[in-house]
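Q: Below is one structure. I have some questions about it.
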Amino acid sequence: MTLLFVLHLVGAVLWVGGMAFGILAMRPALATLPPPQRLEASAAAHRRFFLVVWHVMPVMLATGYALLFGWFGGFAGAGWHVHVMNLTGLLMSAVFLAIFFGPWRRMRAALAAGEAADAAAANNKVRQMVTVNLLLGLLTVIVAGWGRFGG
């Protein structure tokens, strides 16, 4: 169980921390670049980060359910915070899939076609959706700590 918990925590740190870095640090720093360079740098960062999430997301879901059923004996034995984490984890996964197959796909296609305005619009939508996922991730972390130590 300890290894499952550690994998789950590392996954959360990578996913939520990566989103926080992207929104709070990288995006403002990229604003100093000319728009074409900004789009290329954003696309390169998205590509790398989304590859991380494609690995982290299934590990988090698998370890979360393994802990739920192995440690708590299922939903009936789990506290309220575990139920909320289950919901927010599924929502975060759905938002990521929507990002990947929606605006991220449009951004890549627009960049390949040389359509900078369309790529910028898609990149802005990626940013908005990643911000939603970051808020869900932070809520999940708060709920995890509160439920574990605050009741």
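Here the Cβ of each residue, glycine as well, is placed from N, Cα and C on the backbone.
Residues or ranges marked as transmembrane segment by TrEMBL: 6-28, 49-72, 78-101, 130-149. Annotation comment: TrEMBL describes 44-146 as domain 'Copper resistance protein D'.
Give me the local environment of each listed feature.
A: Sorting each residue of the domain 'Copper resistance protein D' (44-146) by its DSSP state yields 94 helix, 0 strand, 9 coil.
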Q: By a Cβ-Cβ criterion of under 8 Å, what residues six or more beyond either terminus of the transmembrane segment (130-149) are in contact with it?
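A: Hits for the transmembrane segment (130-149): 12, 15-16, 19-20, 22-23, 79-82, 84-85, 88-89, 91-92, 95-96, 99.
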Q: By Cβ distance under 8 Å, which residues at least 6 away from the ends of the transmembrane segment (6-28) in the same chain are close to it?
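A: Non-local partners: 42, 45, 49, 52-53, 56-57, 59-60, 63-64, 67, 92, 127, 130-131, 133-134, 137-138, 140-141.
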